[in-house]
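Scroll down for the structure; my scribbles are underneath it.
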Amino acid sequence: MVFRKPPDGGWGWVIVVVSFFTQFLCYGSPLAVGVLYLEWLDAFGEGKGKTAWVGSLANGIGLLASPVCSICVSSFGARPVAIFSGFMVAGGLMMSSFAPNIYFLYVSYGIVVGLGCGLLYTATVTITCQYFDKRRGLALGLISTGSSVGLFIYAALQRELIELYGLDGCLLIVGALSLNILACGSLMRPLESLHSPPPEKACVDKVPDQYFVYHEKEKTVEENISILEKGYIDEKCTNTVPDCKQDSISNKNVLSSINVNEKDTYKKKVVEQTNFCKQLAKRKWQLYLTYWKETMVLFKNKVFSALFVAILLFDIGGFPPSLLMEDVARSANINEDDYYMPLISIIGIMTTVGKLILGILADFKWVNTLYLYVTTLLMTGVALFAIPFAKSYLTLAMLSGILGFLTGNWSIFPYVTTKTVGIEKLTHAYGILMFFAGLGNSLGPPIVGWFYDWTQEYDTAFYFSGFCVLLGGFLLLLAALPCWNACTNQSSKLPPNTYSYKVASNA
């Protein structure tokens, strides 16, 4: 597929709108799962760590499967993947309404819904990056606010639906709303070149179609020979273009000698078909080897290596508040009369603001996006350390707003990844990084829940969370320091503001 130059507008704004609503509809319930978390605690009577697995799987499994999601989007395109994933999210939510125990929810809500969300996230980010270049930071910031707005609205919506229709009715209605993803996905028109013809497939890729005719008895020997001759010549032309004509003449002479009898002809065809099948298998194996070699090249880049550690530690420590903050408030015995707004809703609306502001800042040339991302990590760690000292609704609300704003750094993470490895390797590198982000999302809430089950308080858990985020931020800052310029031959050619990105793109 040959892509046009990103238009930075036009139909790209339609892509932004539908991607916004796609993330709104798919991530609204999983991000606001803290409301459902309290209901599941009461309904199934399991421990906090065990119950927290439902929400952590829903938000982490899609990221864990990011390499697979990236392959699906690259192979089938964003539109088919979005439509298929819409069915997954809606079906998983509706199945969860019939859950007889917590283990059923692990599959229906955690795995099915989580995997659907991961596919949709990869599809929306990939197609947005294809349509935007100069305004990519703004576009990514706009679409990523969809999940934050969904968190804000779904936190209140699910609570109201639970009061009116119960937990089961709430999940059925939310699942029905998710079917609107199908309409959004149908508008994700791929960015293709209308003038340049698609590249011709390699000869080895054509082998199954060329030789499938050998199994049809009604074909004559002459027709089979002509097809074999064409495939054989095409292969030779692909490997040695200058000698293509001479090989074509010699191959015709060789193939014409096969007409001695039909048995020899058939044997020759079988031998040739077997050889081409072996070449096909060898080619596929080489593709897998190339993928892993490219992966190893990425990890040779110190900035990329530090980035995957930072995103892992950030999600281990930074994700639990959005899931457990409601239970933190309940554990602090806060008076319900002082409870003006759900803390999850505050996190959601401030995440929206953070994604927009940070996305806009990322488009300024004087802003080093990597340092901006590091700053958000360090500030998040400090805010997590302050949670154990918050004993009133006002202080918890303020910390929820700060954490929500800083969590908006998700809008610039694709931008940082693109600047680090280049647009050509975005899908590959982003899938790897999202795998580690999903691992952090899956482990964070259960770890915090286990700390509570062990100590009967959240203080130790949030000290641990803050330490993880601070450690990841310092490691990334250390890898991005300009002092590494002295160790390279390119130090004099690269401006300090873009050094780490340039070196990363060379990797």
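One-based numbering along the chain as shown.
Backbone N, Cα and C define each Cβ position, glycine as well.
Residues or ranges marked as transmembrane segment by TrEMBL: 12-40 (among others). Distant neighbours of the transmembrane segment (12-40): 6, 46, 51-52, 54-55, 58-59, 82, 85-86, 89, 93, 102, 105, 113-114, 116-117, 120-121, 123-124, 127-128, 131-132, 139, 142-151, 153-155, 157-159, 162, 167, 170-171, 174, 177-178, 180-181, 184-185, 187-189, 322-327, 330, 342, 344, 348; these residues of the same chain sit at least 6 beyond its ends, with a Cβ under 8 Å from one of its Cβ atoms.
Marked as transmembrane segment by TrEMBL: 52-73 (among others). For the transmembrane segment (52-73), the residues of the chain that approach it from at least six positions outside its boundaries are 30-31, 33-34, 36-37, 40, 81, 102, 105-106, 109-111, 113-119, 121-123, 126, 315, 319, 323-324, 427-428, 430-435, 437-446, 448-449, judged by C-beta separation under 8 angstroms.
Tertiary proximity for the transmembrane segment (80-98) is limited to same-chain residues at least six positions away from its ends with a CB under 8 Å from its CB atoms, namely 22, 25-26, 29, 69, 72-73, 104-105, 108-109, 111-113, 115-117, 119-120, 122-124, 167-172, 174-176, 178-182, 184-186, 188. According to TrEMBL, the feature transmembrane segment maps to 80-98 (among others).
Look at TrEMBL and you will find 104-125 (among others) tagged as transmembrane segment.
Counting residues 6+ beyond its ends, the transmembrane segment (137-156) has Cβ neighbours under 8 Å at 12, 16, 19-29, 31-32, 34-35, 124-125, 128-129, 131, 174, 322, 342, 344-345, 347-349, 351-352, 354-356, 358-363, 369, 404, 408, 410-412, 414-415 in the same chain. Residues annotated as transmembrane segment in TrEMBL: 137-156 (among others).
Look at TrEMBL and you will find 162-183 (among others) tagged as transmembrane segment.
According to TrEMBL, the transmembrane segment annotation covers 303-319 (among others).
The feature transmembrane segment is assigned by TrEMBL to 339-358 (among others). If you look at the transmembrane segment (339-358), the same-chain residues 6 or more away from its ends with a CB under 8 A from one of its CBs are 31-32, 34-35, 141-142, 144-145, 147-153, 155-156, 159, 321-322, 325-326, 328-329, 372, 376, 393, 396-397, 400-412.
Positions annotated as transmembrane segment by TrEMBL: 370-390 (among others).
Positions annotated as transmembrane segment by TrEMBL: 396-417 (among others).
According to TrEMBL, the transmembrane segment annotation covers 429-452 (among others). Sequence-distant contacts of the transmembrane segment (429-452) (same chain, at least 6 residues past either end, Cβ-Cβ under 8 Å): 47-53, 55-57, 59-71, 118, 121-122, 125, 295, 298, 304, 307-309, 311-320, 323-324, 331, 413-414, 417, 420-421, 458, 460-462, 464-465.
Sequence-distant contacts of the transmembrane segment (464-484), counting only residues of its own chain at least 6 positions beyond either end whose CB sits under 8 Å from a CB of the stretch, comprise 302-303, 305-307, 309-314, 316-318, 320-321, 370-371, 373-374, 377-378, 380-385, 444, 447-448, 451, 496, 499-500. According to TrEMBL, the feature transmembrane segment maps to 464-484 (among others).
Same-chain residues lying 6 or more positions outside the transmembrane segment (162-183) and placing a CB less than 8 Å from one of its CB atoms are 21-22, 25-26, 28-29, 35-36, 39-40, 43, 82-83, 85-87, 89-94, 96-98, 120, 154. Sequence-remote contacts of a segment are chain residues at least 6 beyond its ends whose Cβ falls under 8 Å from one of its Cβ atoms, and for the transmembrane segment (303-319) they are 56, 59-60, 370, 374, 377, 380-381, 384, 403, 406-407, 413, 416-417, 420-421, 429, 432-433, 436-441, 443-445, 447, 464-469, 471-473, 475-476, 478-480, 500-501, 503-504, 507.
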